[in-house]
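As written in Swiss-Prot, here are the features:
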type	residues	note
TRANSMEM	19-39	transmembrane segment
TRANSMEM	69-89	transmembrane segment
TRANSMEM	122-142	transmembrane segment
TRANSMEM	157-177	transmembrane segment
TRANSMEM	189-209	transmembrane segment
TRANSMEM	219-239	transmembrane segment
TRANSMEM	275-295	transmembrane segment
TRANSMEM	318-338	transmembrane segment
TRANSMEM	378-398	transmembrane segment
TRANSMEM	400-420	transmembrane segment
Amino acid sequence: MLTAFAPAFKTPDLRKKLLFTLGIIVVYRLGTHIPIPGVDYKNVQECVDQASGNQGLFGLVNMFSGGALLQITVFALGIMPYITASIILQLLTVVIPRLEALKKEGQAGTAKITQYTRYLTVALAILQGTGLVATARSGALFSGCTVAGQIVPDQAIFTTVVMVICMTAGTCVVMWLGELITDRGIGNGMSILMFISIAATFPSALWAIKKQGELADGWIEFGTVILVGLVMVGLVVFVEQAQRRIPVQYAKRMIGRRSYGGTSTYIPLKVNQAGVIPVIFASSLLYIPALIVQFSNSTAGWATWITKNLADTAATPHIILYFFLIVFFAFFYVAISFNPEEVADNMKKYGGFIPGIRAGRPTAEYLSYVLNRITWPGSLYLGLIALVPTMALAGFGANQNFPFGGTSILIIVGVGLETVKQIESQLQQRNYEGFLR
């Protein structure tokens with residue numbers, strides 16, 4: 001398999017892109033260890049050691065920052081503000097006609113939407129940075145740590161402002177690094193950085209499981225988790241590649257003396273058309289009420305109920321609500337990201353039709369019917385995969401931050417497949433055989 005990658009490094013321009021991407025990744029990983037002023041890192045390290053994998057509410061964000069969040073470094077916020085901004089803009093595109101018109105304007109419209117995404121990313125970085133600093137100052141960032149209140153010794157406003165500015169600047173640098181990879185490297189830059197952030201948390205999480213294990217000095221638990229992870233990766237690859245192909249034929253047209261059309265193709269409808277977005281939506285929504293309770297420090301009945309039933313990932317109400325939110329958002333996101341009427345109109349415009357289905361509205365209804373049928377198993381699969389860490393925690397007493405969680409595996413497999421396909425296509429353009437055999 002490794003020899004199949006040799007042509008990628010033998011091709012000068014492709015080798016240059018790969019090395020450039022690796023260089024940016026190294027810079028990004030170095031940035032996750034650069035400290036910001038105003039933080040006592042001895043106390044931070046002590047709290048991280050005491051947490052021992054129990055990162056509570058901040059586990060998801062910490063994963064997307066490659067472990068930099070709980071270290072409170074320059075890249076503490078990672079790419080989470082950009083992900084959130086991109087999702088918000090994508091949703092607003094459906095609601096606001098002006099944004100929808102920009103989306104249809106081609107490259108110029110896409111550039112404008114990208115600019116809006118950058119502005120929103122900076123605003124969200126300021127907001128999230130302020131929240132993180134306030135949480136660290138109050139001692140709530142590490143629940144149960146004896147020195148959590150001493151992480152930020154200087155409580156002055158100026159120190160807080162400097163910390164927020166450093167984190168916001170770090171987010172802007174991360175966004176810039178991602179765009180550099182997209183323009184001059186291999187793959188989608190933000191997706192690559194997300195992939196690296198998640199993969200960077202695996203070694204420490206796996207080692208924590210080994211240290212906490214009891215059978216054969218923890219090696220049996222360690223091996224079991226690796227085996228479960230490999231099985232999950234295989235399952236996710238299988239489902240992510242699964243698709244329903246709708247056959248499409250194009251009628252022959254004579255333009256001058258030339259004949260056009262008469263070809264057959266298909267519309268690929270993936271089983272998991274929504275990707276990982278529903279999981280991120282559901283996690284973010286369940287994150288909000290628990291965060292409100294943590295900031296309020298209230299002991300009222302409503303706060304106790306939220307802490308017991310929503311903040312606790314092993315609680316039955318949390319599991320049920322999380323599963324149904326994922327299913328709901330899967331249908332919701334598919335509905336806004338795939339427009340059957342638009343696809344049917346484009347097919348009709350260029351003389352395409354589905355055999356046995358009339359062009360126009362009947363085609364749109366047929367596409368909508370098929371999409372709804374395949375979204376059901378896709379949404380149920382997403383819900384079950386996302387609940388793997390919870391099931392591992394409840395059934396086997398596993399580490400709360402089970403490294404092969406649904407969100408992380410979905411992102412790693414999705415980004416990995418997309419990047420490999422891009423390298424494969426570039427190799428085939430240069431008359432190489434490729435390595436996907």
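Every residue, even glycine, has its Cβ placed from backbone N, Cα and C.
Non-local neighbours of the transmembrane segment (19-39) in the same chain are 65-68, 71-76, 78, 136, 151-154, 159-160, 162-163, 166-167, 170, 173-174, 177, 180-181, 184-187, 189, 192-193, 196, 200; each lies 6+ residues outside the stretch with a CB under 8 Å from one of its CB atoms.
Of the Cβ pairs linking the transmembrane segment (189-209) with the transmembrane segment (318-338) and spaced 6 or more residues apart, fewer than 3 are under 8 Å, so the two regions do not touch. Sequence-distant contacts of the transmembrane segment (69-89) (same chain, at least 6 residues past either end, Cβ-Cβ under 8 Å): 28, 31-36, 39, 41, 44, 47-48, 51, 55, 58, 61-62, 99, 113, 116-118, 120-122, 124-125, 128-129, 132, 136, 141-142, 151, 166-171, 173-175, 178, 190, 193-194, 197, 277, 280-281, 284.
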